[in-house]
Amino acid sequence: MRLILLSGLLLLGTFLANGDEKDSEIQLLNSMIEAVMILQRDFSNLRYALMTVHNARSFGSGSERVYVSNKEVSKFEGLEEICSQAGGHIPSPQLENQNKAFADVLERHNKAAYLVVGDSANFTNWAAGHPNEADGTCVKADTHGSWHSASCDDNLLVVCEFYFIL
């Protein structure tokens, strides 16, 4: 944006130095300069709003991950598409505070939701007797954040995980 502004000013200076003061060209340059200044202001406002939301959402959890539900339910098979269309992923808490933030969403809705547990997970929160493939090959978290083996065909609360890396 600054390059556009500087180019416009350079062009304006060239017109003035050549004595070529065409009103329409000067008005066009002034309009461009004004438009760039408005864009810079709008960008600053948008960045401030985004940072405010980010800080508010991550304040309570201390996490750069945010867990959000659309209040719908889905089987595991459709969950990745739902989350990816929203710009997120299936939840995969890697730390206790992330699992707590995820569980807070489940508690508010009083429903369980699917999550993904990686093979190299440093953090797990399995309930007693789990994992147990007899219950299913998917994983769900209950309203307390405990993980249970589950059928992938259960309709559970849609919760997606979003990363804030700024």
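Residue numbers in this text run from 1 along the chain shown.
Yeah, the Cβs are placed from backbone N, Cα and C, and that goes for glycine too.
Taken from Swiss-Prot as is:
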- 1-19: signal peptide (SIGNAL)
- 46-161: domain 'C-type lectin' (DOMAIN)
- C83-C160: disulfide bond (DISULFID)
- N122: N-linked glycosylation site (CARBOHYD)
- C138-C152: disulfide bond (DISULFID)
If one measures from the C-alpha of C160 (disulfide bond) to the C-alpha of C138 (disulfide bond), what distance in angstrom results, rounded to a whole number?
-> 16
Looking only at DSSP and grouping its letters into three states, which state does C160 (disulfide bond) belong to?
-> strand
Distance between the residue listed as 'N-linked glycosylation site' and C152 (disulfide bond) at the Cα atoms, whole Å?
-> 24
Once DSSP output is merged into helix, strand and coil, C83 (disulfide bond) belongs to helix
Around C138 (disulfide bond), which residues of its chain at least 6 apart sit with Cβ under 8 Å of its Cβ?
-> F76, Y114, S149, A150, S151, C152, D154
According to DSSP, does C152 (disulfide bond) fall in a helix, a strand, or coil?
-> coil
